[in-house]
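Contents: one structure, followed by commentary.
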Amino acid sequence: MASSILRSKIIQKPYQLFHYYFLSEKAPGSTVSDLNFDTNIQTSLRKLKHHHWTVGEIFHYGFLVSILFFVFVVFPASFFIKLPIILAFATCFLIPLTSQFFLPALPVFTWLALYFTCAKIPQEWKPAITVKVLPAMETILYGDNLSNVLATITTGVLDILAWLPYGIIHFSFPFVLAAIIFLFGPPTALRSFGFAFGYMNLLGVLIQMAFPAAPPWYKNLHGLEPANYSMHGSPGGLGRIDKLLGVDMYTTGFSNSSIIFGAFPSLHSGCCIMEVLFLCWLFPRFKFVWVTYASWLWWSTMYLTHHYFVDLIGGAMLSLTVFEFTKYKYLPKNKEGLFCRWSYTEIEKIDIQEIDPLSYNYIPINSNDNESRLYTRVYQESQVSPPSRAETPEAFEMSNFSRSRQSSKTQVPLSNLTNNDQVPGINEEDEEEEGDEISSSTPSVFEDEPQGSTYAASSATSVDDLDSKRN
């Protein structure tokens with residue numbers, strides 16, 4: 001029965017299409033894009049036993065486990081209900097097949113657990129709610145309450161336009177983007193997305209707990225009178241959507257929200273900006289489309305009176321900070337010309353030393369700029385204590401193309417320097433002495449470039465000498 005189902009056209013046709021467009025991109029012998037289908041828990045236990053923990057890993061898992069322990073203690077559910085849930089998640093973390101997805105999503109699970117526990121935290125543990133700070137900052141920074149300005153004129157068409165990004169796309173698009181990153185991004189990119197998305201929301205909830213602030217709808221309903229935790233929330237402009245559709249989609253949910261006074265920072269803005277940053281990283285050609293989506297959601301949050309503009313800026317800054325940390329710490333490079341995850345034969349990450357202008361290993365972007373190239377060589381020579389001159393390898397960039405669209409890989413030289421194009425200031429006698437050391441043949445692109453290699457140049461060489469030689 002099972003074999004007949006697998007052989008049916010309903011299963012075979014999608015598999016053939018998936019194999020044609022995705023699996024056919026995989027290079028023979030490459031395993032970097034493979035998934036782990038092992039279900040033996042002993043495999044994970046052996047890895048855990050021999051794993052050497054770094055300081056970052058200890059802080060990462062210690063921080064998340066401490067929050068989960070707080071949730072376990074505070075959440076008012078029976079121990080016999082919480083224990084099976086913990087055991088189920090522990091099993092998913094130990095099975096290799098599921099742990100490759102559940103473990104990177106641990107920040108997301110921690111954020112969700114803390115969010116739904118906020119309403120159960122005793123009120124005496126919570127700080128006072130601020131009502132005047134956000135509208136005052138809005139007026140000081142931007143001259144007016146932008147949320148009230150945008151919500152002055154309301155129509156059914158504008159309500160629908162604001163409802164789509166705020167009430168529909170916001171809750172569904174993270175799952176769509178995760179699938180897109182898994183298919184079209186490099187291997188391990190989905191782990192980075194789970195880390196960044198989870199930590200951004202987790203830190204945002206912690207800030208909302210430490211700094212509870214009333215949203216614009218509170219000022220419209222209660223003015224600037226003091227707020228307390230016994231008050232119910234409001235759907236704001238989304239209440240008009242419930243009346244328009246005749247369905248209670250948001251009124252009850254927002255009235256009994258876990259965090260009613262969580263205006264700052266806006267996690268709607270934070271999630272949106274995080275999604276836009278990953279989309280710009282994955283598909284940079286469509287930046288205008290992604291930025292348009294972010295502007296659309298920003299407008300909807302203020303039109304529906306759920307956030308001030310300063311809340312949106314706070315969420316965006318939080319998202320940008322977490323993304324930049326993830327980008328330079330965990331996120332692999334997205335190579336142009338590669339179609340999907342199965343097109344990759346190796347995983348490369350950003351080397352901060354190569355993009356830092358003050359670093360010894362800095363590589364100028366414009367290799368044809370003689371002045372910047374000369375300055376880099378002189379600066380590097382001044383940092384090297386040994387008097388011997390290092391070999392001058394040419395820099396290469398590997399440009400990988402998908403096998404089904406182009407069968408071979410091309411090598412693109414980044415430097416046009418040859419033995420006949422020497423830097424002024426090097427004597428011919430020095431060249432003859434170094435003839436035995438410097439090879440005229442091009443180094444192999446499969447060999448690692450020596451980290452200590454620099455361009456040899458005289459310390460007396462300057463930009464003026466370069467200009468005089470040209471004349």
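Every residue gets a Cβ built from N, Cα and C, even glycine.
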Can you tell me if Swiss-Prot, going by its topological domain labels, places L150 on the same membrane side as P216?
yes
Of the residues N145, N400, give the one that Swiss-Prot describes as N-linked glycosylation site.
N145
Under 8 Å Cβ to Cβ from N228 (N-linked glycosylation site), same chain, six or more residues apart: give me those in sequence order, or none if nothing qualifies.
I129
Looking at Cβ-Cβ distances, which residues of the chain lie under 8 angstroms from N256 (N-linked glycosylation site) while being 6 or more apart from it?
A119, H232, G233
Per DSSP, what is the residue tally for the topological domain 'Lumenal' (122-168) in helix, strand and coil?
31 helix, 1 strand, 15 coil
Hey, would you say the transmembrane segment (305-325) packs against the transmembrane segment (192-212), going by three or more CB pairs under 8 A that are 6+ residues apart?
yes
Long-range Cβ environment of N145 (N-linked glycosylation site), under 8 Å and at least 6 residues apart:
P135, E138, T139, P216, Y308
Taking the transmembrane segment (101-121) as the reference, which of 169-189, 192-212, 259-279, 282-302 gives the largest number of Cβ pairs under 8 angstroms?
192-212
Can you name the far-off residues of the same chain, 6+ from the ends of the transmembrane segment (192-212), with a Cβ under 8 Å from a Cβ of it?
67, 104-111, 114-115, 118, 121, 126-130, 174, 177-178, 181, 259, 261-265, 267, 270-271, 274, 278, 315, 318-319, 322-323, 325-326, 330-332
